[in-house]
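K.L.:
Starting off with a structure, shown below.
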Protein chains: 2
Amino acid sequence: MTSPAIKAERLQQRLETFADIGATPAGGVNRQALSPEDREARRLLAELAKARRFGVFQDAMANLFIRRSGRDDRLPPLLIGSHLDSQPTGGRFDGALGTLSAFEVLEALEDAGAQTPSPIEVVAWTNEEGSRFAPGVMGSMAFAGAADPAQWQSLAGSDGASFADELAATLAALPEAAMRPLGMPLSGYIELHIEQGPSLEKEGLAIGVVTGVQGTRWLKVTVTGEAGHAGTTPLPYRRDPMVAAVGMMHQLQASVMPSDADARLTVGRIATIPGSVNAIPKAVTFSLDIRHPSAGRLDAIVGDVQAICRAEGAKQGCSVEIATAFDMAPGVFAPEMIDTIEAAARRLSLPCKRMVSGAFHDALFLARVAPTAMIFVPCRNGISHNEAEYVEPASIRDGARLLLEATIAATTT
Amino acid sequence: MTSPAIKAERLQQRLETFADIGATPAGGVNRQALSPEDREARRLLAELAKARRFGVFQDAMANLFIRRSGRDDRLPPLLIGSHLDSQPTGGRFDGALGTLSAFEVLEALEDAGAQTPSPIEVVAWTNEEGSRFAPGVMGSMAFAGAADPAQWQSLAGSDGASFADELAATLAALPEAAMRPLGMPLSGYIELHIEQGPSLEKEGLAIGVVTGVQGTRWLKVTVTGEAGHAGTTPLPYRRDPMVAAVGMMHQLQASVMPSDADARLTVGRIATIPGSVNAIPKAVTFSLDIRHPSAGRLDAIVGDVQAICRAEGAKQGCSVEIATAFDMAPGVFAPEMIDTIEAAARRLSLPCKRMVSGAFHDALFLARVAPTAMIFVPCRNGISHNEAEYVEPASIRDGARLLLEATIAATTT
């Protein structure tokens, strides 16, 4: 028996093969959840698995599992993987990289004739992206018992398709996969993914050891003042909601992120009513996307936001309403799994740092039912959810090597 | 002969009669330029004129003139008036008040058998509002030779109507009005109008003696940065155009108006691209409406705007483009006509102040060809271009009395 090793050319070739399924003219991928393209990708993965005599399973959410037996098959498996669905104009690596790198790990173990103490399973979660059927991370959420899939029975997709019909068709398209119940005991979960941000590339690091997922709060701030003629209304008679909104945003932009490197605050959307060049608006609405890895700090920032918005509104004689449009608590990964991955990276001399994920992942829900952590690799310019998404071959190799090393370590400890 | 005096009840009644033409259910007026309702109002004014044996004239722009002879009819007339067209959901007083008050002045002179040295004419300018056919102040602009009406021959209205056809139909609807050439020598022009702003009411003043019209510059500022994921992009890697735009607006709002009581700066419109809650925008555009009665100060403010925008853009690594969407030089009224009106207000013990108009008026172009000034009366809450527009009967009376007094003074001096 040789020592297990990633075959980087095989993985690279396989990424290209999968990128052909749903390929877009601009070099990206349109392989939305439960679409014919998604089914084709799932079929190809199942066939590759059968060729290696791995077990193939699916559950009621069409989460797809590839199982390589361990020494004791009664032990709960270690799960590794990601998703195969994409955004409508998505990239080739978001999801596919983690899924195919996990499959490469199974193949590397098989090539080496390595026996692991417990089984290892590769998973491709259903509908991580949520662009065709909202919400995203459906498969992992249902697997972790965090949502009852019955609620999605009558859901319609962005293309008008029935979720129930498309799910049934997807399950039926893979009759050779044995059905299993939703959810099962796991010894752990490791997900490799592209960073979808610029930090690793800018800092010249090969690996991010992900310690959790930021909590997210979306607020919609509505500032109401008094409409007026831009020419005929002197300053003392103005109750201008735009002046109030600018005061709010200015204070928040100058304080929240500059004082806390872990905080994120973004104004992505803003509108005035009525929106005339020559009218003082009657009202202004703007969005705040606020993120922090600590639930307590997130609450504190939201408290600051409310105080600042009310004070700036009052200064201009404007009323302020703040509505919560979305609220997701931070996900905290398992220290032992984080340590395992970090130690593996050190053994492989891969420059790395611990970091928090700014984007959602299936791992967010797996962390509720098993010791979970993630591995990030850099993507060019931090670009993702975009046909221009790109990962250097060296990063693909580094990630897969680390996933193999961490998988072996996690099943042996 | 008695001393000429306004009959306030007659004027009030006449305002109500005209408000019935194009009346809206909400109590406003829809009497857009060259519409059947506009024609009906013009016909009524012409018939009232004929009943008093005043002369009725129109020119190629369908500007309507009502002439009361003076002692020497070879002298250039003093012109008084305003417009009869309205916004689509306009008020009862914008334009109509000035036109009907001017007609009341003619009737008061006639009632008293008063003879003026020169003729006095009432004018109703065509298409002041510009809401059906853009631009506004067409009639007065063409009268003053500031625009060639030929350019509007193929113009289409917001309702698809042909400007040329509607103009011809309007002229044809008043065959008894003698045609005269566009433009003529005038001894002066006085226009009474509602303030369309809150100053007079808030300061408890009966009259504004208008010394000019603010110059206006509309700028469109486009700030371009780098789109990014709201969750995965730390502060040091952001080139956020919204942060830059907020920095610009904050500085401008804190400096331009607070440091100069005559300046106006309004952000009425703003948009982000792509406008996703969870994305750092790629670009932000916002409008600036900047006004000042002094051309030099207006230029200086626009210079400051450009410097501030470039500096704030550079701070965030964003590029900035500033386009001029509209540029109207300030209008400066004639000192002798301003003095005449102010002295008349003092004789009538009407509390008044000198002020600059923030809105456009036909007087802006008349000022280029004749000694011109305006009289403002307060409107409730400064509301105009709105069906809720309202003027107190006392203000209507005060305005008409002053217009009569100033008219007599202007024709005698």
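Cβ coordinates are placed from backbone N, Cα and C, and glycine is handled just like the others.
Note that the structure is a prediction, hence the values are computed from the model and not measured.
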K.L.:
Which candidate from A:D73, A:D94 does TrEMBL annotate alongside A:H83, A:H193 at the Zn(2+) 1 binding site?
P.N.:
A:D94
K.L.:
Counting by DSSP, what is the helix, strand and coil composition of the domain 'Peptidase M20 dimerisation' (A:212-314)?
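P.N.:
Helix (H, G, I), strand (E, B), coil: 38 helix, 33 strand, 32 coil.
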K.L.:
Given the recorded Zn(2+) 1 site (A:H83, A:D94, A:H193), which additional residues of the same chain have their Cβ within 8 Å of the Cβ centre, ordered by sequence?
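P.N.:
So the additional residues around the site are A:S82, A:F93, A:G95, A:A96, A:L97, A:G98, A:T99, A:E128, A:I194, A:H361.
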K.L.:
Between A:H193 (Zn(2+) 1 binding site) and A:E129 (Zn(2+) 2 binding site), what C-alpha distance do you get in Å?
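P.N.:
If we compare the Cα positions of A:H193 (Zn(2+) 1 binding site) and A:E129 (Zn(2+) 2 binding site), the gap is 13 Å.
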K.L.:
Please report the distance from the Cα of A:H385 (Zn(2+) 2 binding site) to the Cα of A:D94 (Zn(2+) 1 binding site), rounded to the nearest angstrom.
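P.N.:
That comes out at 8 Å between the alpha carbons.
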K.L.:
Helix, strand or coil at A:H385 (Zn(2+) 2 binding site), per DSSP?
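P.N.:
Reduced to three states, the DSSP call for A:H385 (Zn(2+) 2 binding site) is coil.
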K.L.:
A:D94, A:E129: which of these binding-site residues has the highest Cβ count within 10 Å of its own Cβ?
P.N.:
A:D94
K.L.:
Taking the centroid of the Cβ atoms of A:D94, A:E129, A:H385 as the Zn(2+) 2 site, which other residues of that chain lie with their Cβ within 8 Å of it, listed in sequence order?
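P.N.:
My list of surrounding residues reads A:S86, A:Q87, A:G90, A:G91, A:G95, A:E128, A:S131, A:Q196, A:S384.
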